């Protein structure tokens with residue numbers, strides 16, 4: 001024994017014993033908590049328990065019955081996924097890449113643990129600037145040649161036009177300027193001629209020029225059954241412009257267009273409905289005002305007549 005003590009110092013023996021004790025303690029802790037991932041609390045009429053989270057690609061069919069145990073974990077159903085450990089009662093539905101007119105295609109299929117990854121079809125790009133794209137646009141064509149090719153997240157950049165085209169642009173600009181000068185001269189001549197005729201007849205009564213006064217819009221509490229007639233007078237193009245000027249989100253405008261891609265009248269009705277809900281009771285007055293400010297007086301007059309008509313659906 002004295003020989004062994006001289007061969008292994010006391011500090012070395014103590015270190016070995018402490019290491020063995022720590023290893024045994026760690027093994028006990030691991031065996032007392034079998035949960036691979038984190039835990040969650042669950043309560044029912046029997047009381048509260050701490051259960052292990054089900055793993056990636058699974059959902060909780062039944063919760064655990066004793067502390068620090070797994071409940072009944074089931075693999076996600078087809079066309080659903082779970083990307084992380086969870087305590088949910090169902091998995092999330094996989095994303096579809098086949099929405100009409102979205103110009104998307106599947107890049108990677110959905111699995112139990114990973115959602116579907118979509119990408120733009122060939123010759124299309126996504127302008128949203130985000131990793132997930134809901135709508136792809138056709139790439140620009142460049143007759144003068146491509147400077148930067150179209151890719152999944154940027155449109156084509158075309159080459160600069162050649163010098164001859166620039167010269168043509170200068171010539172066209174000069175011609176347009178000459179035509180504009182001629183129109184101005186003719187307009188001035190006509191105004192002077194009209195003024196001379198008016199003043200050459202002193203007996204002619206003076207007429208005050210009629211100025212276009214702002215249209216007076218009746219305040220009508222628009223109901224869903226009023227909208228088709230107004231939508232028909234507006235048309236999709238003018239309705240989309242009104243929505244954008246009123247800060248309607250672009251995703252709502254796109255949704256109306258995608259949900260009714262073959263029916264422009266229904267697209268207009270649905271977008272008008274969203275716009276009216278945002279405007280409230282002042283919708284009729286605001287609609288006339290926006291159309292006039294957008295230099296669409298003819299359309300504004302048509303809408304005003306519909307709002308003022310006794311034939312407006314009740």
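Think of each number as a place in line: the chain as shown, counted from 1.
Quick reminder: no glycine exception, Cβ is built from N, Cα and C everywhere.
According to its DSSP assignment, residue 91 (disulfide bond) is coil. Long-range C-beta contacts of residue 91 (disulfide bond), restricted to its own chain and to partners at least six residues apart, with a cutoff below 8 Å, comprise 58, 59, 76, 77, 80, 81, 82, 112. Residues or ranges marked as disulfide bond by TrEMBL: 76-91.
Residues 37-38, 40, 42, 51, 53-61, 63, 124, 132-138, 257-258, 261 of the same chain sit 6 or more residues outside the domain 'TNFR-Cys' (75-118) yet have a Cβ under 8 Å from a Cβ within it. Summarising the annotation, TrEMBL assigns domain 'TNFR-Cys' to 75-118 (among others).
Confidence annotation: the domain 'TNFR-Cys' (119-158) carries a mean pLDDT of 88 in the model. Residues or ranges marked as domain 'TNFR-Cys' by TrEMBL: 119-158 (among others).
Per TrEMBL, the feature domain 'Death' maps to 238-307.
Annotated repeat 'TNFR-Cys' per TrEMBL: 75-118 (among others), in sequence order. The DSSP breakdown of the repeat 'TNFR-Cys' (75-118), given as helix, strand and coil counts, is 0 helix, 13 strand, 31 coil.
Positions annotated as repeat 'TNFR-Cys' by TrEMBL: 119-158 (among others).
What TrEMBL records for 1-27 is signal peptide.
Look at TrEMBL and you will find 170-191 tagged as transmembrane segment.
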Positions on the same chain near the transmembrane segment (170-191), where near means CB under 8 A and six or more residues out: none
CB contacts for residue 76 (disulfide bond) [other CB atoms within 10 A, all chains]: 20
